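Peer 1: One structure, as structure tokens, below. Some questions next.
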Amino acid sequence: MGKPLIYEILEKPASSSVIGICSLIWWFIQKRGIGYGDVGLSYEAAVDGGQYWRIITSAFSHISVVHLVFNMSALWSLGVVEQLGQIGLGVEYYLHYTLVLVVLSGLLVLGFYHMMIRRFKVEYFRRVTAVGYSCVVFGWMTILAAKQPSSKLNIFGVLSLPISFAPFESLIFTSIMVPQASFIGHLSGIIVGYSIAWGLVHGMNNYWAITMLGWIALVFVLSLKRTGSMELSFIEIDPVTDPSLPSVGVVANRNGRTLQMDVLPARRVADIV
């Protein structure tokens, strides 16, 4: 018999917490009828629209329950990282570099979109909207493959993959089996994962993690305020008018208020990350 679930949760506190957070967010999304365009990451919204908060919301949001279960199952298996303090990993390492993976993989996704739009003139990538924790999952697969190549990745308790091949096996498998899966998102997680495992991104400690978390929170709140996504009366930011963007106005009538826009946005394409 295996260990009772409560003992495994105590051995993987960070992974268990992330799984709990993502599950609660999924429940909230379902309860409120929130869609990809509300929380997902797209070039049009994040770069053109200044909605930088989407780098964070997109990572922890899942619309499909199957997507949630797949990511959380893989993440649970990767929680073994928290038990490998003897080789320089452990809970603190896991927390520090999860923060790095969330931010850098999101920025790298936007970087790939920018290259496709500006260099190759593929406007499709301007409106592709990505959601999901897969960037981080693929990043941890890669780090574990480099640090502990003898490990196994168990998914759903029935599929066991050698961790040394898991990142690229999973990349190919998901691209074939799930056409909506974001190849760019998964690849970004792998690239950031190798950057951490090979020491190209290093030096994270409690001080830098708290500092980075503080800056993330500040940018998150300010971008929410600036883009009008949340009313924060205690923060005042001068509006910037761009004539190339659609204008939005509120017109009063007898029955209430009517929202008017002079340009309708193009339809978004959802990507599962």
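Cβ atoms are placed via backbone N, Cα and C, with glycine included.
The annotation domain 'Peptidase S54 rhomboid' is assigned in TrEMBL to 50-201. For 59-81, 93-112, 124-143, 155-176, 183-201, 207-224, the entry in TrEMBL reads transmembrane segment.
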Peer 1: Looking only at the recorded stretches 59-81, 93-112, 124-143, 207-224, which one has the largest tally of CB-CB distances under 8 Å to the transmembrane segment (183-201)?
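Peer 2: If we count Cβ pairs closer than 8 Å to the transmembrane segment (183-201), 124-143 scores highest.
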Peer 1: Looking at 93-112, 124-143, 207-224, which one has the highest count of Cβ pairs under 8 angstroms to the transmembrane segment (59-81)?
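Peer 2: Comparing 93-112, 124-143, 207-224: 124-143 has the most Cβ pairs near the transmembrane segment (59-81).
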Peer 1: Hey, does the transmembrane segment (93-112) touch the transmembrane segment (124-143), meaning at least 3 C-beta pairs closer than 8 angstroms, sequence gap 6 or more?
Peer 2: yes
Peer 1: Take every residue in the domain 'Peptidase S54 rhomboid' (50-201), average their pLDDT values, and give the whole-number result.
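Peer 2: The predicted confidence over the domain 'Peptidase S54 rhomboid' (50-201), as a mean pLDDT, is 91.
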